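Only one structure is covered here, and it is reproduced in the block below.
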Amino acid sequence: MKVTTMSNDQLLAEATPENEAQYFRRDIQGLRALAVILVILAHAKVANFAGGYIGVDVFFVISGFVITGLLLRQSGQNVVRQLGKFYARRIRRIMPAATLVIIGTLVAAFHWIGPFSSQPLLADARWASLFTANFHFITVGTDYFSQGQPPSLILHYWSLAVEEQFYFVFPLVLFVSAALFGLRRHRVILSVFLGLLVAASAIWSAYETTRNPVSAYYSPFTRFWELGFGALLAALPTTLKIKNDRLVQVGQWVSFVIIIAAAMKLTDTSHVPGVLTWWAVAPAGFLLWTGGSTSLALPSGWFSKQPLRYIGDISYSLYLFHFAWLNIPIQYVLLKYGETTNLSVLSRVEQIVGALICAALSYRFFENPIRRSKVLDRRPWLTGLLGVGLIGLVWLSAWLIQTYWTL
(Lines of atoms letter the chains of each structure in order from A and count residues from 1; the text may use other names and numbers.)
(Lines give C-alpha, C1' and ligand atoms only; values in the text may rest on other atoms or scores of the structure.)
Protein backbone atom coordinates (compact mmCIF):
# COMPACT_ATOMS: atom_id res chain seq x y z
CA MET A 1 0.00 0.00 0.00
CA LYS A 2 1.38 3.37 -1.02
CA VAL A 3 0.47 6.19 1.34
CA THR A 4 0.76 9.74 0.00
CA THR A 5 0.97 12.45 2.62
CA MET A 6 1.75 16.15 2.64
CA SER A 7 5.29 16.87 3.76
CA ASN A 8 6.28 19.47 6.31
CA ASP A 9 8.18 21.30 3.58
CA GLN A 10 4.94 21.62 1.66
CA LEU A 11 3.08 22.65 4.77
CA LEU A 12 5.70 25.26 5.60
CA ALA A 13 6.07 26.81 2.16
CA GLU A 14 5.51 30.55 1.99
CA ALA A 15 1.86 31.39 2.44
CA THR A 16 -0.09 33.85 0.37
CA PRO A 17 -3.83 34.45 0.25
CA GLU A 18 -3.88 32.74 -3.15
CA ASN A 19 -2.13 29.50 -2.17
CA GLU A 20 -3.07 29.06 1.49
CA ALA A 21 -6.04 26.81 0.67
CA GLN A 22 -3.76 24.14 -0.82
CA TYR A 23 -2.30 23.46 2.64
CA PHE A 24 -5.69 22.71 4.14
CA ARG A 25 -5.82 19.14 5.48
CA ARG A 26 -9.25 17.58 5.51
CA ASP A 27 -8.19 14.82 7.89
CA ILE A 28 -7.48 17.41 10.58
CA GLN A 29 -11.13 18.44 10.42
CA GLY A 30 -12.09 14.83 11.07
CA LEU A 31 -9.73 14.69 14.04
CA ARG A 32 -11.41 17.83 15.36
CA ALA A 33 -14.74 16.05 14.97
CA LEU A 34 -13.47 13.12 17.03
CA ALA A 35 -12.27 15.53 19.72
CA VAL A 36 -15.56 17.41 20.06
CA ILE A 37 -17.60 14.18 19.97
CA LEU A 38 -15.58 12.79 22.88
CA VAL A 39 -16.09 16.00 24.87
CA ILE A 40 -19.84 15.92 24.28
CA LEU A 41 -20.07 12.25 25.26
CA ALA A 42 -18.34 13.06 28.55
CA HIS A 43 -20.48 16.09 29.31
CA ALA A 44 -23.65 14.19 28.37
CA LYS A 45 -22.69 11.56 30.96
CA VAL A 46 -22.68 8.78 28.38
CA ALA A 47 -21.73 5.51 30.05
CA ASN A 48 -18.09 4.46 29.66
CA PHE A 49 -16.99 7.81 28.22
CA ALA A 50 -16.28 9.77 31.40
CA GLY A 51 -12.78 10.43 30.09
CA GLY A 52 -14.05 12.10 26.93
CA TYR A 53 -12.67 15.37 28.29
CA ILE A 54 -9.39 14.33 26.63
CA GLY A 55 -10.97 15.70 23.47
CA VAL A 56 -9.82 19.10 24.72
CA ASP A 57 -6.25 17.78 24.88
CA VAL A 58 -6.57 16.61 21.28
CA PHE A 59 -7.80 20.10 20.36
CA PHE A 60 -4.73 21.62 22.00
CA VAL A 61 -2.34 19.46 19.97
CA ILE A 62 -4.22 20.26 16.75
CA SER A 63 -4.14 23.99 17.50
CA GLY A 64 -0.41 24.01 18.16
CA PHE A 65 0.27 22.05 14.98
CA VAL A 66 -1.95 24.06 12.65
CA ILE A 67 -1.07 27.51 13.96
CA THR A 68 2.68 26.82 13.88
CA GLY A 69 2.47 25.59 10.30
CA LEU A 70 0.62 28.76 9.34
CA LEU A 71 3.07 31.02 11.17
CA LEU A 72 6.13 29.33 9.70
CA ARG A 73 4.77 29.82 6.21
CA GLN A 74 4.55 33.54 6.97
CA SER A 75 7.73 33.98 9.01
CA GLY A 76 9.78 35.32 6.09
CA GLN A 77 7.45 38.26 5.60
CA ASN A 78 7.11 41.62 7.36
CA VAL A 79 6.91 40.84 11.08
CA VAL A 80 4.66 43.69 12.21
CA ARG A 81 2.31 43.28 9.26
CA GLN A 82 1.99 39.52 9.67
CA LEU A 83 1.47 39.75 13.42
CA GLY A 84 -1.32 42.26 12.87
CA LYS A 85 -2.97 40.04 10.27
CA PHE A 86 -2.61 36.96 12.46
CA TYR A 87 -4.21 38.56 15.50
CA ALA A 88 -6.96 40.04 13.32
CA ARG A 89 -7.77 36.60 11.92
CA ARG A 90 -7.90 35.15 15.42
CA ILE A 91 -10.31 37.87 16.54
CA ARG A 92 -12.62 37.26 13.57
CA ARG A 93 -12.51 33.51 14.03
CA ILE A 94 -12.83 33.24 17.81
CA MET A 95 -14.59 36.26 19.29
CA PRO A 96 -17.91 36.57 17.43
CA ALA A 97 -19.13 33.05 18.26
CA ALA A 98 -17.70 33.21 21.78
CA THR A 99 -19.56 36.46 22.42
CA LEU A 100 -22.80 35.16 20.91
CA VAL A 101 -22.79 32.08 23.13
CA ILE A 102 -21.87 34.00 26.30
CA ILE A 103 -24.75 36.45 25.87
CA GLY A 104 -27.16 33.72 24.80
CA THR A 105 -26.19 31.63 27.81
CA LEU A 106 -26.70 34.56 30.19
CA VAL A 107 -30.19 35.23 28.85
CA ALA A 108 -31.16 31.54 28.88
CA ALA A 109 -29.78 31.01 32.38
CA PHE A 110 -31.57 33.99 33.91
CA HIS A 111 -34.79 32.98 32.17
CA TRP A 112 -34.79 29.27 33.04
CA ILE A 113 -32.72 29.09 36.21
CA GLY A 114 -33.48 32.48 37.73
CA PRO A 115 -31.47 35.52 38.81
CA PHE A 116 -30.43 34.21 42.22
CA SER A 117 -28.89 30.97 40.97
CA SER A 118 -27.33 32.66 37.95
CA GLN A 119 -25.58 35.56 39.70
CA PRO A 120 -22.09 33.93 39.75
CA LEU A 121 -22.40 33.42 36.00
CA LEU A 122 -22.13 37.17 35.43
CA ALA A 123 -18.57 37.28 36.75
CA ASP A 124 -17.69 34.16 34.77
CA ALA A 125 -19.00 35.84 31.62
CA ARG A 126 -16.89 38.96 32.13
CA TRP A 127 -13.71 36.95 32.61
CA ALA A 128 -14.56 34.69 29.68
CA SER A 129 -14.97 37.70 27.38
CA LEU A 130 -11.37 38.67 28.20
CA PHE A 131 -10.16 35.08 27.61
CA THR A 132 -8.93 34.85 31.18
CA ALA A 133 -11.61 32.48 32.48
CA ASN A 134 -8.95 29.93 33.39
CA PHE A 135 -7.26 32.32 35.84
CA HIS A 136 -10.68 33.27 37.22
CA PHE A 137 -11.55 29.63 37.92
CA ILE A 138 -8.16 29.11 39.57
CA THR A 139 -8.72 32.16 41.78
CA VAL A 140 -12.18 31.10 42.95
CA GLY A 141 -11.11 27.45 43.28
CA THR A 142 -13.53 25.98 40.75
CA ASP A 143 -12.96 22.24 40.52
CA TYR A 144 -13.72 21.12 36.96
CA PHE A 145 -14.79 17.69 38.20
CA SER A 146 -16.76 18.85 41.24
CA GLN A 147 -19.85 16.76 41.92
CA GLY A 148 -21.15 18.92 44.76
CA GLN A 149 -22.71 21.75 42.78
CA PRO A 150 -23.82 22.48 39.21
CA PRO A 151 -20.99 23.69 36.96
CA SER A 152 -20.77 27.20 35.61
CA LEU A 153 -22.46 27.30 32.23
CA ILE A 154 -19.32 28.99 30.92
CA LEU A 155 -16.88 26.58 32.55
CA HIS A 156 -15.74 25.22 29.18
CA TYR A 157 -14.38 28.65 28.22
CA TRP A 158 -11.27 27.86 30.25
CA SER A 159 -9.81 26.01 27.26
CA LEU A 160 -10.45 28.96 24.94
CA ALA A 161 -8.54 31.13 27.40
CA VAL A 162 -5.56 28.76 27.38
CA GLU A 163 -5.48 28.69 23.59
CA GLU A 164 -5.78 32.45 23.20
CA GLN A 165 -3.00 33.00 25.73
CA PHE A 166 -0.83 30.68 23.64
CA TYR A 167 -1.82 32.53 20.46
CA PHE A 168 -1.00 35.87 22.06
CA VAL A 169 2.57 34.99 23.06
CA PHE A 170 3.80 32.27 20.69
CA PRO A 171 3.52 34.12 17.34
CA LEU A 172 5.47 37.04 18.73
CA VAL A 173 8.30 34.72 19.85
CA LEU A 174 8.28 32.87 16.53
CA PHE A 175 8.37 35.94 14.28
CA VAL A 176 11.03 37.71 16.34
CA SER A 177 13.27 34.63 16.38
CA ALA A 178 12.85 34.26 12.60
CA ALA A 179 13.94 37.86 12.13
CA LEU A 180 16.96 37.40 14.41
CA PHE A 181 18.26 34.03 13.21
CA GLY A 182 17.05 33.69 9.63
CA LEU A 183 14.64 31.09 8.33
CA ARG A 184 16.95 28.04 8.12
CA ARG A 185 18.57 28.46 11.52
CA HIS A 186 15.22 29.55 12.89
CA ARG A 187 13.61 26.15 12.22
CA VAL A 188 16.37 24.30 14.07
CA ILE A 189 16.49 26.74 16.98
CA LEU A 190 12.68 26.75 17.24
CA SER A 191 12.55 22.94 17.36
CA VAL A 192 15.16 22.75 20.12
CA PHE A 193 13.52 25.60 22.04
CA LEU A 194 10.07 24.01 21.78
CA GLY A 195 11.43 20.63 22.83
CA LEU A 196 12.89 22.12 26.00
CA LEU A 197 9.70 24.06 26.79
CA VAL A 198 7.49 21.03 26.19
CA ALA A 199 9.64 18.93 28.51
CA ALA A 200 9.66 21.61 31.23
CA SER A 201 5.91 22.21 30.99
CA ALA A 202 5.11 18.48 31.01
CA ILE A 203 7.24 17.93 34.12
CA TRP A 204 5.65 20.93 35.84
CA SER A 205 2.20 19.68 34.84
CA ALA A 206 2.84 16.25 36.36
CA TYR A 207 4.10 17.85 39.58
CA GLU A 208 1.28 20.40 39.89
CA THR A 209 -1.40 17.82 39.12
CA THR A 210 -0.60 15.99 42.35
CA ARG A 211 0.12 19.13 44.40
CA ASN A 212 -2.54 21.58 43.22
CA PRO A 213 -4.96 19.86 40.82
CA VAL A 214 -7.32 22.82 40.36
CA SER A 215 -4.54 25.17 39.29
CA ALA A 216 -2.91 22.46 37.18
CA TYR A 217 -6.10 21.82 35.25
CA TYR A 218 -6.58 25.43 34.10
CA SER A 219 -3.09 26.93 34.05
CA PRO A 220 -1.49 27.79 30.70
CA PHE A 221 1.86 26.78 32.17
CA THR A 222 0.71 23.22 32.88
CA ARG A 223 -1.08 23.07 29.52
CA PHE A 224 1.56 24.63 27.28
CA TRP A 225 3.23 21.28 26.60
CA GLU A 226 0.13 20.03 24.79
CA LEU A 227 0.00 22.99 22.41
CA GLY A 228 3.78 23.03 22.28
CA PHE A 229 3.91 19.36 21.30
CA GLY A 230 1.74 20.09 18.27
CA ALA A 231 3.89 23.12 17.47
CA LEU A 232 7.06 21.02 17.74
CA LEU A 233 5.72 18.46 15.27
CA ALA A 234 4.97 21.23 12.77
CA ALA A 235 8.48 22.67 13.15
CA LEU A 236 10.43 19.41 12.86
CA PRO A 237 12.26 18.78 9.56
CA THR A 238 10.74 16.45 6.98
CA THR A 239 13.78 14.16 7.16
CA LEU A 240 12.38 12.79 10.41
CA LYS A 241 9.17 11.67 8.71
CA ILE A 242 8.32 7.97 8.92
CA LYS A 243 8.94 6.49 5.46
CA ASN A 244 7.57 2.99 6.09
CA ASP A 245 3.95 2.92 4.90
CA ARG A 246 3.12 -0.17 6.90
CA LEU A 247 4.43 1.43 10.08
CA VAL A 248 2.34 4.52 9.39
CA GLN A 249 -0.77 2.41 8.87
CA VAL A 250 -0.31 0.37 12.04
CA GLY A 251 0.74 3.43 14.04
CA GLN A 252 -2.32 5.43 13.00
CA TRP A 253 -4.77 2.68 13.90
CA VAL A 254 -3.03 2.07 17.23
CA SER A 255 -3.14 5.83 17.92
CA PHE A 256 -6.85 5.98 17.14
CA VAL A 257 -7.58 3.02 19.42
CA ILE A 258 -5.50 4.52 22.23
CA ILE A 259 -7.47 7.80 22.11
CA ILE A 260 -10.79 5.93 22.28
CA ALA A 261 -9.50 3.64 25.04
CA ALA A 262 -8.23 6.61 27.05
CA ALA A 263 -11.64 8.31 26.76
CA MET A 264 -13.25 5.14 28.10
CA LYS A 265 -10.67 4.37 30.78
CA LEU A 266 -9.99 7.77 32.36
CA THR A 267 -12.48 9.11 34.89
CA ASP A 268 -13.27 12.24 36.88
CA THR A 269 -10.80 11.09 39.53
CA SER A 270 -7.87 10.52 37.15
CA HIS A 271 -4.81 12.70 37.73
CA VAL A 272 -4.95 15.01 34.73
CA PRO A 273 -3.36 16.90 33.03
CA GLY A 274 -0.30 15.02 34.28
CA VAL A 275 1.35 11.97 32.79
CA LEU A 276 -1.98 10.34 31.92
CA THR A 277 -2.72 13.09 29.40
CA TRP A 278 0.03 11.72 27.17
CA TRP A 279 -2.45 8.97 26.28
CA ALA A 280 -4.33 11.62 24.29
CA VAL A 281 -1.50 13.93 23.29
CA ALA A 282 0.97 11.43 21.81
CA PRO A 283 -1.57 9.55 19.62
CA ALA A 284 -3.07 12.83 18.39
CA GLY A 285 0.43 14.01 17.53
CA PHE A 286 1.15 10.82 15.58
CA LEU A 287 -2.09 11.18 13.60
CA LEU A 288 -1.15 14.77 12.73
CA TRP A 289 2.49 13.97 11.95
CA THR A 290 1.66 11.09 9.59
CA GLY A 291 -1.69 12.34 8.28
CA GLY A 292 -2.70 13.95 5.03
CA SER A 293 -3.60 10.77 3.18
CA THR A 294 -7.10 10.09 1.86
CA SER A 295 -6.57 6.32 1.83
CA LEU A 296 -9.35 4.50 3.68
CA ALA A 297 -6.72 2.08 4.94
CA LEU A 298 -5.82 4.80 7.44
CA PRO A 299 -7.85 6.65 10.09
CA SER A 300 -6.73 9.90 8.45
CA GLY A 301 -8.52 8.77 5.29
CA TRP A 302 -11.76 8.27 7.19
CA PHE A 303 -11.27 11.58 8.98
CA SER A 304 -11.17 13.36 5.62
CA LYS A 305 -14.66 12.13 4.65
CA GLN A 306 -18.11 13.49 5.38
CA PRO A 307 -19.89 13.81 7.77
CA LEU A 308 -16.87 13.88 10.09
CA ARG A 309 -15.31 16.67 8.09
CA TYR A 310 -18.39 18.87 8.46
CA ILE A 311 -18.57 18.21 12.20
CA GLY A 312 -14.94 19.28 12.30
CA ASP A 313 -15.82 22.46 10.43
CA ILE A 314 -18.41 23.40 13.06
CA SER A 315 -16.52 21.84 15.99
CA TYR A 316 -15.63 25.20 17.54
CA SER A 317 -19.23 26.39 17.47
CA LEU A 318 -20.47 23.01 18.67
CA TYR A 319 -18.02 23.07 21.57
CA LEU A 320 -19.33 26.49 22.58
CA PHE A 321 -23.03 25.67 22.33
CA HIS A 322 -23.18 22.14 23.73
CA PHE A 323 -22.39 22.96 27.36
CA ALA A 324 -25.39 25.20 27.98
CA TRP A 325 -27.69 22.85 26.06
CA LEU A 326 -26.64 19.92 28.25
CA ASN A 327 -26.55 21.72 31.60
CA ILE A 328 -29.38 24.26 31.67
CA PRO A 329 -32.09 21.53 31.68
CA ILE A 330 -30.39 19.76 34.60
CA GLN A 331 -30.07 22.98 36.59
CA TYR A 332 -33.70 23.85 35.79
CA VAL A 333 -34.84 20.50 37.20
CA LEU A 334 -32.67 21.06 40.28
CA LEU A 335 -34.22 24.49 40.83
CA LYS A 336 -37.79 23.30 40.31
CA TYR A 337 -37.71 19.99 42.18
CA GLY A 338 -34.78 20.46 44.55
CA GLU A 339 -32.90 17.44 43.28
CA THR A 340 -31.00 16.40 40.20
CA THR A 341 -32.17 13.63 38.00
CA ASN A 342 -30.71 11.74 35.10
CA LEU A 343 -32.40 12.91 31.93
CA SER A 344 -33.61 10.31 29.47
CA VAL A 345 -31.53 9.25 26.50
CA LEU A 346 -34.09 10.91 24.23
CA SER A 347 -33.72 14.19 26.12
CA ARG A 348 -29.94 14.04 25.78
CA VAL A 349 -30.22 13.34 22.05
CA GLU A 350 -32.59 16.29 21.65
CA GLN A 351 -30.16 18.57 23.48
CA ILE A 352 -27.23 17.48 21.32
CA VAL A 353 -29.31 17.96 18.17
CA GLY A 354 -30.25 21.43 19.42
CA ALA A 355 -26.58 22.27 19.92
CA LEU A 356 -25.77 20.92 16.45
CA ILE A 357 -28.45 23.08 14.85
CA CYS A 358 -27.27 26.19 16.70
CA ALA A 359 -23.66 25.46 15.75
CA ALA A 360 -24.51 24.93 12.08
CA LEU A 361 -26.59 28.10 11.87
CA SER A 362 -23.98 30.15 13.71
CA TYR A 363 -21.18 28.84 11.51
CA ARG A 364 -23.05 29.48 8.26
CA PHE A 365 -24.84 32.75 8.88
CA PHE A 366 -22.89 34.48 11.66
CA GLU A 367 -19.28 33.34 11.89
CA ASN A 368 -18.35 32.84 8.23
CA PRO A 369 -19.60 36.25 7.03
CA ILE A 370 -17.45 37.94 9.68
CA ARG A 371 -14.45 35.66 9.22
CA ARG A 372 -14.45 36.07 5.43
CA SER A 373 -15.27 39.77 5.37
CA LYS A 374 -13.02 41.47 2.83
CA VAL A 375 -13.55 44.81 4.54
CA LEU A 376 -12.24 43.47 7.85
CA ASP A 377 -9.47 41.50 6.13
CA ARG A 378 -8.09 44.63 4.47
CA ARG A 379 -8.30 46.66 7.68
CA PRO A 380 -6.86 44.77 10.69
CA TRP A 381 -7.38 47.86 12.86
CA LEU A 382 -11.11 47.62 12.18
CA THR A 383 -11.05 44.02 13.36
CA GLY A 384 -9.35 45.23 16.52
CA LEU A 385 -12.19 47.66 17.12
CA LEU A 386 -14.63 44.81 16.54
CA GLY A 387 -12.87 42.77 19.23
CA VAL A 388 -13.03 45.61 21.73
CA GLY A 389 -16.68 46.15 20.87
CA LEU A 390 -17.53 42.49 21.44
CA ILE A 391 -15.89 42.54 24.86
CA GLY A 392 -17.82 45.69 25.70
CA LEU A 393 -21.03 44.04 24.52
CA VAL A 394 -20.58 41.17 26.99
CA TRP A 395 -19.90 43.55 29.87
CA LEU A 396 -22.86 45.73 28.91
CA SER A 397 -25.12 42.68 28.67
CA ALA A 398 -23.98 41.44 32.07
CA TRP A 399 -24.61 44.88 33.59
CA LEU A 400 -28.07 45.20 32.03
CA ILE A 401 -29.06 41.72 33.19
CA GLN A 402 -27.73 42.32 36.69
CA THR A 403 -29.38 45.74 36.94
CA TYR A 404 -32.80 45.14 35.44
CA TRP A 405 -33.46 41.39 35.53
CA THR A 406 -32.95 41.23 39.28
CA LEU A 407 -35.35 44.08 40.09
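Just so it is clear, glycine is given a Cβ too, placed from its N, Cα and C backbone atoms.
Bear in mind that TrEMBL entries carry predicted annotations, made automatically and left uncurated.
Listed in TrEMBL:
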type: DOMAIN; residues: 27-359; note: domain 'Acyltransferase 3'
type: TRANSMEM; residues: 30-47; note: transmembrane segment
type: TRANSMEM; residues: 53-73; note: transmembrane segment
type: TRANSMEM; residues: 94-113; note: transmembrane segment
type: TRANSMEM; residues: 165-183; note: transmembrane segment
type: TRANSMEM; residues: 188-207; note: transmembrane segment
type: TRANSMEM; residues: 222-240; note: transmembrane segment
type: TRANSMEM; residues: 247-264; note: transmembrane segment
type: TRANSMEM; residues: 276-298; note: transmembrane segment
type: TRANSMEM; residues: 310-328; note: transmembrane segment
type: TRANSMEM; residues: 348-366; note: transmembrane segment
type: TRANSMEM; residues: 381-401; note: transmembrane segment
Contact between the transmembrane segment (247-264) and the transmembrane segment (276-298) (3 or more Cβ pairs under 8 Å, separation 6+) | yes
Ranking 30-47, 165-183, 222-240, 381-401 by Cβ pairs under 8 Å to the transmembrane segment (276-298), which is first?
-> 222-240
Near the transmembrane segment (165-183) in space but 6 or more residues beyond its ends, with Cβ under 8 Å, are 63-64, 67-68, 71-72, 75-76, 79, 82-83, 86-87, 90, 131, 134, 189-190, 193, 220, 224, 227, 231
So what's the mean pLDDT when you look at the domain 'Acyltransferase 3' (27-359)?
-> 92
Same-chain residue ranges lying at least 6 outside the transmembrane segment (348-366) that approach it to Cβ under 8 Å | 40, 44-46, 96-97, 100, 313-314, 317-318, 320-322, 325-326, 329
Cβ under 8 Å to the transmembrane segment (30-47), counting only same-chain residues 6 or more beyond its ends: which ones?
-> 53-56, 58-59, 62, 259, 263, 284, 287-288, 291, 300, 302-305, 308-312, 315, 318-319, 322-323, 326-327, 342, 348, 351-352, 355
